[in-house]
Amino acid sequence: MTQSTRILLGVNIDHVATLRQARGTRYPDPVKAALDAEEAGADGITVHLREDRRHIQERDVLLLKDVLQTRMNFEMGVTEEMLAFAERIRPAHICLVPETRQELTTEGGLDVAGQEARIRSAVERLAKIGCEVSLFIDADERQIAASKRVGAPAIELHTGRYADAQTPTEVAEELQRVADGVAFGLAQGLIVNAGHGLHYHNVEAVAAIKGINELNIGHALVAHALFVGFKAAVAEMKALIVAAAR
């Protein structure tokens with residue numbers, strides 16, 4: 001995993017699968033969405049195989065691994081089931097995330113500092129099979145430093161607090177928290193990605209932060225695609241972040 005010279009867009013297709021699973025049909029196909037996203041300029045495709053299988057299924061992951069022209073960023077919880085699955089399919093990129101059954105979406109970052117031995121073991125186990133691991137964490141120096149200690153080459157900073165901020169003061173504070181996290185991560189020698197809750201009206205400020213390698217965005221893209229189509233939604237987002245990062 002190397003730092004890109006330009007900002008990258010990772011497209012999360014989980015919620016295409018959410019729509020499919022709502023009726024238990026074969027459509028819409030997240031694999032087709034992934035291929036359309038690639039054609040529209042996505043630099044990678046992100047999928048989260050959750051313990052409860054609420055959206056992405058094993059079959060989706062296997063198909064994507066075979067057909068993607070870019071790369072798959074496989075999000076997973078730190079469980080024996082997921083580690084064994086990863087060892088079987090060997091995705092090039094894995095992002096370890098926290099996970100609870102009751103949450104609507106990932107609610108916070110992984111507590112690396114509070115479980116260093118467990119996370120280090122997972123990172124080492126995945127590295128042995130050639131997987132490059134990132135850790136989804138809050139923009140907190142303690143968690144960033146712990147991520148470095150456990151051997152992860154990359155982190156993804158949770159931008160949910162920024163996305164949820166209501167007042168201009170709160171927005172500015174949370175944006176600065178992300179910017180400080182990026183700077184600290186880079187100083188630790190880590191590749192720094194970011195994502196969660198980003199959409200067409202708040203993404204530019206984050207994309208403008210110097211040093212961010214990649215933004216992972218999903219729900220907003222799928223929602224916008226209902227009105228403009230998936231390729232157009234991805235192309236619009238890609239144009240926004242590239243322009244903001246200049």
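Cβ from N, Cα, C; glycine included.
DSSP gives Gly197 (3-amino-2-oxopropyl phosphate binding site) a coil state; it is part of no helix or strand. Here the Cβ of Gly197 (3-amino-2-oxopropyl phosphate binding site) has 19 other Cβ atoms within 10 Å, regardless of which shown protein chain they belong to. Annotation source Swiss-Prot lists 3-amino-2-oxopropyl phosphate binding site at Asn12, Arg23, Gly197, Gly218, His219, citing sequence analysis.
If you look up Swiss-Prot, you'll see Asp14, His15, Arg50, His55, Thr105 marked as 1-deoxy-D-xylulose 5-phosphate binding site. Annotation for His15 (1-deoxy-D-xylulose 5-phosphate binding site): same-chain Cβ neighbours under 8 Å, separated by at least 6 residues, are His55, Gly218, His219, Val222, Ala223.
In the three-state DSSP scheme, His48 (active site, proton acceptor) falls into the strand class. According to Swiss-Prot, the active site, proton acceptor annotation covers His48 (among others), on the basis of sequence analysis.
The Cβ of Glu75 (active site, proton acceptor) lies under 8 Å from the Cβ of Thr46, Val47, His48, Leu49, Ile94, Cys95, Leu96, Val97, Phe136, each on the same chain and at least six residues away in sequence. Annotation source Swiss-Prot lists active site, proton acceptor at Glu75 (among others).
If you look up Swiss-Prot, you'll see Glu156 marked as site 'Transition state stabilizer', on the strength of sequence analysis. Within 10 Å of the C-beta of Glu156 (site 'Transition state stabilizer') there are 30 other C-beta atoms, taking all protein chains into account. Secondary structure from DSSP puts Glu156 (site 'Transition state stabilizer') in a beta strand.
Residues or ranges marked as active site, proton donor in Swiss-Prot (evidence: sequence analysis): His196.
The CA atom of Asp14 (1-deoxy-D-xylulose 5-phosphate binding site) is located 13 Å away from the CA atom of His196 (active site, proton donor). With respect to Arg50 (1-deoxy-D-xylulose 5-phosphate binding site), the closest of these recorded positions in Cα terms is Asn12, chosen from Asn12, Arg23, Glu156, His196, Gly197.
Annotation: His196 carries the greatest number of neighbouring Cβ atoms among the recorded positions Arg23, Arg50, His55, His196, His219 [cut-off 10 Å, Cβ to Cβ].
Less than 8 angstroms from the CB of Asn12 (3-amino-2-oxopropyl phosphate binding site) sit Ile45, Thr46, Val47, His48, Gly195, Asn216, Ile217, Gly218, His219, Leu221, each of them six or more residues away in the same chain.
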